[in-house]
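Written out below as structure tokens is the structure these notes cover.
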């Protein structure tokens, strides 16, 4: 069928034939046929009567559109991709519907010219699917925005609608992880605004280039997201155990021709950079450490049951099974430094194989020998064995009683990390001056010699002292009376998780633990986890908010495996007091753990699998006991103290009390003027309790319906995904029998038409019925809220002007919180801050310093 299409000028300018383009690619029509416009103004509008946006290039200089059946490209300027979007502003998004005259983008033509680039803008359409076409009109020369440029007549190629083609019309399916991955990449500023994406147990981490380009609000709107933490230029998106799926989807996304670029912008503080490096180095090694811990438990259990022999004191007379299990249980932990060295070199942009070479040089078996054990007989350059400090090696000198030796660094961590840093930077430095003809032969030799000698002769001994000091410090805390050290650490563990520094802290504790020293602190961190699990459970038991209840029970399974971020960010922290109760429960239980000396003995998994880190039935029973106590206390304290919503009258009175104290402190005479009005606000809030109770009941009913809608949507996606996989497998099948083809056609139709709209529509009807039946109440509630918000805002504004303290206007937020107690309780609104800033307090020179505001 013959069709026609009109194209209008998107901007004031001059029209040329595509054959007259200065660019050979466009001139040859390799990207399609069309015309060129030389713009005379910066703002471009849609040249099509109707169009759908199909592509927005990351640098905002090129756009794709679907117009009827044709794909169009508008490419502003030649080689303007080099400007990296600096001279373009986009007004449109992918899948947006446009009409003629809608704004599409703005280009700074002067900047383009200053960079010696052409402003020539081709507008072309693909011709592959067109049988034939011709330009009915093509108006060359000067045009104004909106003028008709051309009319195209065309016929599409006929498609044979045979049985096979009909069957293969399978609607695409994207999981929530694919959709979230696409959303996150766009929200962080595109693929060219992050240099790396990775994950730990619960967090999706982006190494961001320019922080200003990141739209955190967009990320927070995704249902998978529990919270966001910045660590320098590292963006941490708290998701939970599903985060690795998102990371995989992002890595699987089509990597086109975008350049990830170089890190730019202001450097974060030193401590932030250090913590980011520690997390980046330590986190990839966690699976190896956990696997080694599990193998250690298996070996310990087989020893207890006399299936294998304990070979800790030597392998003489060992059987094959004992030897194999012994090696498997020891090698991962004893040589853990090798993995840290490789990760360090990789993190700092070096060659990981060079890191492996250095690490192996530092753990060589040739360092071991037999030698002098009497400290009075030590001689430089001879092998010694010091039982007091557990030091063996080739003696150099002593610091007090501590011998400094050249040794193998099995079981150490810090020397390998420092060695990795030296390797990465030394390798880069040597590369800058060594001739390429000599590079391959000598570069890594120089790196090996310098790094190995610096570690063996100086840095290694120094770092060994630091490791020894860290171990002694941890022992000192553990030895505080009645388990106070463990209690403090257990109480603080989850706040450390909030800051993102918990990885660095736990690795500090793990350094002596890797050498075979049991740790009370690791038990303390576990109690912090179980305290939050209990706090979340307490909220779930008492809340009437179905969405919150679903969030609680959805987050709890992660807690069972040691992953608390979903509980913290989704439940306990937003509610405030439950988070504190979880910490208190952990701290109290920490005292019990300290008194009972419940030490983690070998590395194991997290959560319920951490029990494998205790050897023997007695120790495992005590480990279970303290965890049960932590979760029980957390549940009890949270359930008793949690309130679904603010007590609006009490909250309002508290705001008024603070405001009155401020007025009295600054100008007592004003208190007489405003005292009655402030009391009236409190009375209005108190009088609203009845309507707020009715509104609360309505919101509870609505949350039940919304919870069912979410559950239905999740079920629909799960079933849709299962059907899609089956449909794809049928399409790939080579079976061509008529019966199979008919079955395939029916199944694809079933997939394409599958939905749970009938259930969702019923639930939507229930929502509408609920709204209709409460229409009068909702209107009354709206009026009450508006009245109190307006009157309190006006009053506080007057007080602020009389006090000449502009920050005082924030006290209106306090009254806003009181009257919006239901929305805040159900998470529809956030609690607003009110009170004076520190800066304002300083400005009024301490006059209100001691006032609680």
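Using N, Cα and C of the backbone, Cβ positions are placed for all residues, glycine too.
Feature annotation (TrEMBL): of 379-400, 467-488, 599-620, 621-642, the stretch labelled transmembrane segment is 621-642. TrEMBL assigns the feature transmembrane segment to residues 412-430, out of the candidate ranges 222-240, 241-259, 412-430.
Of the candidate ranges 142-166, 167-191, 192-216, 442-466, TrEMBL annotates residues 442-466 with the feature transmembrane segment.
Sequence-remote contacts of a segment are chain residues at least 6 beyond its ends whose Cβ falls under 8 Å from one of its Cβ atoms, and for the coiled coil (756-787) they are 684, 688, 691-692, 694-695, 698, 701-702, 705-706, 708-709, 712-713, 715-716, 819-820.
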